[in-house]
Every structure is written in C-alpha cells, then in structure tokens.
Amino acid sequence: MLERLSGHTRLTALLAAPARHSLSPKMHNAAYAKLGLDYAYLAFEVDNSGLAAAVQGMRALGICGANVSMPNKQAIVPLLDELSPAAALAGAVNTVVNTDGKGHLVGHITDGTGAIRSLAEEGVAIKDQIITIAGAGGAGTAIAVQLGLDGAKEIRLFNRKTATFKQAKQVLKGINAKTSALASLQDLADDRAFRRSIAESSIYIDATGVGMKPLEEHSLITDPALIRPDLVVFDLVYHPAETKLLAFAREHGAKKVMNGLGMLLYQGAEAFKLMTGEDMPVAYIRELLCRNKE
C-alpha cells in the first residue's frame, strides 16, 4: 500500500467505536488497489464525544468521504449540511460525502440499498410485495425506508417494546407520509400477529442479530408451518454463513434462503460509488471476504 501513497492520495475513513474490527478498510483498500485509484481508507475510533471534532476535521482536511457506524449513525445527522431522501426518512447516516471537497457534507444511508441489491442478485423483486421485518434497529429501519422508496406494497416491522420501538414508530410515520407503501410496527411479543404477517408475506427479513454469537443456537422461527417454498428467508447475519434460522428454513422447504454477506458487500459498494464515483469490483471483494473467513 505504501507505494500507492502520494501527495495526491485522497483519504476516506470509518468513524465508529469500536472501529478496529471492521471489514470496511479491507474492502475499500482492496478495491482501490484493484482499480488503481489513488485513495486510502483508514479506521478511526470515534464515539459521540469526539464526533463533532471529527466532522469538522473532515471539512478542514478535505477528507472526501467517511463511513459511519455505531454509535454515531444518528448523532451525526445534525452535524451535516444535507441528507439524502433515505437518510432523512431513516434519521440516520452510514456514509458521508464531502461533495465539493470544500466541506459541504451530505449524509446517505446505504444499508437499505445494499439489502435490496442483494435480493435483486438472487432474483427477488420487492415492488408491490408484502414484507415482514423482525428487528427495528438501524438496519431494520433503513431497509424499511428503502423498501418504501422502491415500491413495496406493505412493510410490517416487528420489535420488542423498547426505546427502539418508539424511534421506529417515527421512521414508519415518515415512510407512510413520503412513499406509497403501507408501513406498520407491531410488538414482536405478539406471536399471533407475527405468524399471520409471515404467512401473508413473500419475504421475511430477520434484522435482530439472533443467530450470531452468543445466540447462534436460537431462531425466531421454530414452527415448520411458517416456512413455505415461496417464502424468501433473508437473515442479515453473515457469520455464521448459515444461521439456525436459515438451516431451519432450508430443511423445511424454503427454496430461497439468504445470509447478510450480499448486503454487506452492496452497502459497501454503494458507499464506494458515492465517495469515489467508481463501481466497486464486487465479485473480487466477495472472493476476498470469503477467503478471509476460511
């Protein structure tokens, strides 16, 4: 990498805490090298207490873009100059672009785009579909927003009645006001409503994190009656590659089961495009990530 650095090298970054575990530097730097782009991507350990200074640093240093992860996705919103339609609806940002190099910072959210591109790659269309999502955290609500913007018929979000539930209610209010989709939020503890929603949906998305450590032996769906051959089962967890949910769905006849690796790739590819104007070599990066897991 050192031989690629010059006085013209442009900097992109990750602002998160923790940041050191992230796959983003590996993905972006590998893509820069593959395409011969004079960019470098660094991870910075930044929480809410240092976020305003970090954003001001982006302006002062001409950093051309940054990914934003926990705990900064919502806290960064008032520090920016402009939001994309999806970010405005979600009330959260995971990508910031310094559009003119002079400090005009625009916030985007690419999680939803990543999920929908991953579905499209598997031949799954979302237009005019009824979709159930379990989990109303950042990923779940971002996906709900993009589903609404891209023409889903109904989006049924389920979550426990925590602080996240109240925040999600505001996001869904915006989806109903700004898109043609009918978006609703229900208590995940209401098993009857949850089962009925899955039965009426063509796509089930699990955005809860159940299935990854330390809950790798758990699944929200344990009744084979909920699994149909035509139900798409999409678990955002990508490690392990096959969660308890996906194994159960496959065993009981679901023909289309998907993990979150494609979403990880495509949300990163969307951020890469926003920051550089170039298309990320997705197939190359997918192979790199798969090798890294072995």
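Keep in mind that glycine also has a Cβ here, set from the backbone N, Cα and C atoms.
In Swiss-Prot, the shikimate site is described by S22, L23, S24, N94, D111, Y238, and among S49, S69, S202 the residue recorded at this site is S69.
According to Swiss-Prot, G135, A136, G137, G138, A139, L236 bind NADP(+); the candidate from G112, G114, G211, G260 that the record adds to this site is G260. For the recorded positions K73, G135, A136, G137, a Cα-Cα cutoff of 10 angstroms around N94 (shikimate binding site) retains K73. For A136 (NADP(+) binding site), other Cβ atoms within 10 Å of its Cβ number 27. Taking CA atoms as the reference points, S24 (shikimate binding site) and G137 (NADP(+) binding site) are 20 Å apart.
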